[in-house]
Every structure is written in structure tokens, then in C-alpha cells.
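Okay, so here's the structure we're looking at.
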Amino acid sequence: MATKAVCVLKGDGPVQGIIHFEQKANGPVVVKGRITGLVEGKHGFHVHEFGDNTQGCTSAGPHFNPLSKKHGGPQDEERHVGDLGNVTAGADGVANVSIEDSLISLSGANSIIGRTMVVHEKPDDLGKGGNEESTKTGNAGSRLACGVIGIAQ
């Protein structure tokens, strides 16, 4: 079983970063990292279904959702497995990521290994936006940067 994973985020613009994932036994996954080049504020942060970046971040498909649920926030019962909420960039354009999540995993049915991590243009409304798009994407807008999550040492 993989206990560590890493993802290098890249996009067409200035946004880039490195995200580390670590899981002990059947515990939560600890997600830590740094993303630079962002506009100040909140940005949706999701694991998407496919590890396919052949056409940039668009070929990563929808949010990773093996349980066929509606989009939600990381604390919600009704959420995609890949819904990790938002990262927040300061005035310097840097988001320091520190998330602990019990739904994603580095093994088994909810494994995120080989899938794509995406940082979005806009804040994720956590499924509370009152329209259909909110229940799918959280109205998080375009995909600024992405990368495939791979097994790490």
C-alpha cells in the first residue's frame, strides 16, 4: 500500500505548485504543499477522475466521484470523494496547503493515485450556490493548474 504520494501542479499561466500526500494505516490523508502564482483569495481544490493531462487540465474529467454523489464541501456527508474545498492565496499569490481528509485514500476504492489534482480560478461554493453547476463543480471556474498524483518514496 502506498503511504506517500506527490503531485506537481502546472498550467498555461503562472500558477504552479507541489502537493504532498501522506496516509498512515487506515487514517486520514494529510495533504500539504504550496501553490504560487494565484490571485489573492479562495480557489477550488479538487481531485479529478482521470490522470489524463494530454489536453491540459480539461482532459482530467469531472471531480472524482465513485459514490455518485452531488458536489459538496469537505465536511459534508453529500460530496464527491475528490471535493477538498478551497485553498486560500495571500496577497503574495501563495497558498500554503494543509488539509486532512478521511474520504480520499492512497489505496483501495477511493484511491487518488493516478488521478489529477486541480486548482481552480474561483472559490468553490461547496455545493451551496443554488444552481445546477454548483452541485457538479461548486462554480469553481476554469482549471488554472493540474498534475497527476503519483506514488512517492
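Note that Cβ sites are derived from N, Cα and C of the backbone, with glycine treated the same way.
The N-acetylalanine annotation in Swiss-Prot covers A2.
The N6-succinyllysine feature in Swiss-Prot is assigned to K4 (among others). In this structure, K4 (N6-succinyllysine) is part of a beta strand by DSSP.
If you take the C-beta of C7 (S-palmitoyl cysteine) and look for same-chain residues 6 or more apart in sequence within under 8 angstroms, you find I18, I19, F21, G33, M117, G147, V148, I149, G150. According to Swiss-Prot, the S-palmitoyl cysteine annotation covers C7.
If you take the C-beta of K10 (N6-succinyllysine) and look for same-chain residues 6 or more apart in sequence within under 8 angstroms, you find Q16, A145, C146, G147. In the three-state DSSP scheme, K10 (N6-succinyllysine) is classed as strand. Here Swiss-Prot flags K10 (among others) as N6-succinyllysine.
Taken from Swiss-Prot, the feature Cu cation binding site covers H46, H48, H63, H120, and the record attributes it to similarity to another entry. Every protein chain considered, the tally of other Cβ atoms within 10 Å of the Cβ of H46 (Cu cation binding site) stands at 30.
According to DSSP, C146 (disulfide bond) is assigned to a strand segment. Taken from Swiss-Prot, the feature disulfide bond applies to C57-C146, supported by similarity to another entry.
Listed in sequence order, H46, H63, H71, G72, G73, P74, D76, D124, L126, G138 are the same-chain residues six or more apart from D83 (Zn(2+) binding site) with CB atoms under 8 A from its CB. Under the DSSP three-state reduction, D83 (Zn(2+) binding site) is assigned to strand. What Swiss-Prot records for H63, H71, H80, D83 is Zn(2+) binding site, and it gives similarity to another entry as the kind of evidence.
According to Swiss-Prot, the feature phosphoserine maps to S98 (among others). For S98 (phosphoserine), the same-chain residues lying six or more positions away in sequence with a CB closer than 8 A to its CB are V31, K32.
Per Swiss-Prot, the feature phosphoserine maps to S102 (among others); the stated evidence is similarity to another entry. Long-range neighbours of S102 (phosphoserine) (same chain, six or more residues apart, CB within less than 8 Å of its CB): G27, P28, V29. Under the DSSP three-state reduction, S102 (phosphoserine) is assigned to coil, being neither helix nor strand.
Among the features that Swiss-Prot reports, phosphoserine is placed at S105 (among others). Long-range C-beta contacts of S105 (phosphoserine), restricted to its own chain and to partners at least six residues apart, with a cutoff below 8 Å, comprise Q23, V29, S111, I112.
Around the Cβ of S107 (phosphoserine), 13 further Cβ atoms fall within 10 Å across all displayed protein chains. Residues or ranges marked as phosphoserine in Swiss-Prot (evidence: similarity to another entry): S107 (among others).
In the three-state DSSP classification, K122 (N6-acetyllysine) falls within coil. Per Swiss-Prot, N6-acetyllysine is recorded for K122 (among others).
All protein chains included, K122 (N6-acetyllysine) registers 18 other Cβ atoms within 10 Å of its own Cβ. The annotation N6-succinyllysine is assigned in Swiss-Prot to K122 (among others) on the grounds of similarity to another entry.
According to its DSSP assignment, K136 (N6-succinyllysine) is helical. Neighbour list (K136 (N6-succinyllysine), Cβ cut-off 8 Å, at least 6 residues apart, same chain): P62, H63, K70, H71. Swiss-Prot lists K136 (among others) with the feature N6-succinyllysine, giving similarity to another entry as the kind of evidence.
Annotation source Swiss-Prot lists N6-acetyllysine at K136 (among others).
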> According to DSSP, which of helix, strand or coil covers S107 (phosphoserine)?
Replying inline: coil
>> Using the alpha carbons only, what distance in Å do you get between K4 (N6-succinyllysine) and C57 (disulfide bond) once rounded?
In response: 23
>> So among H48, C57, S107, H120, K122, all listed as recorded positions, which is physically nearest to H80 (Zn(2+) binding site)? Use the C-alpha atoms.
In response: H48
> Including all protein chains shown, what's the count of other C-beta atoms within 10 A of the C-beta of K4 (N6-succinyllysine)?
Replying inline: 13
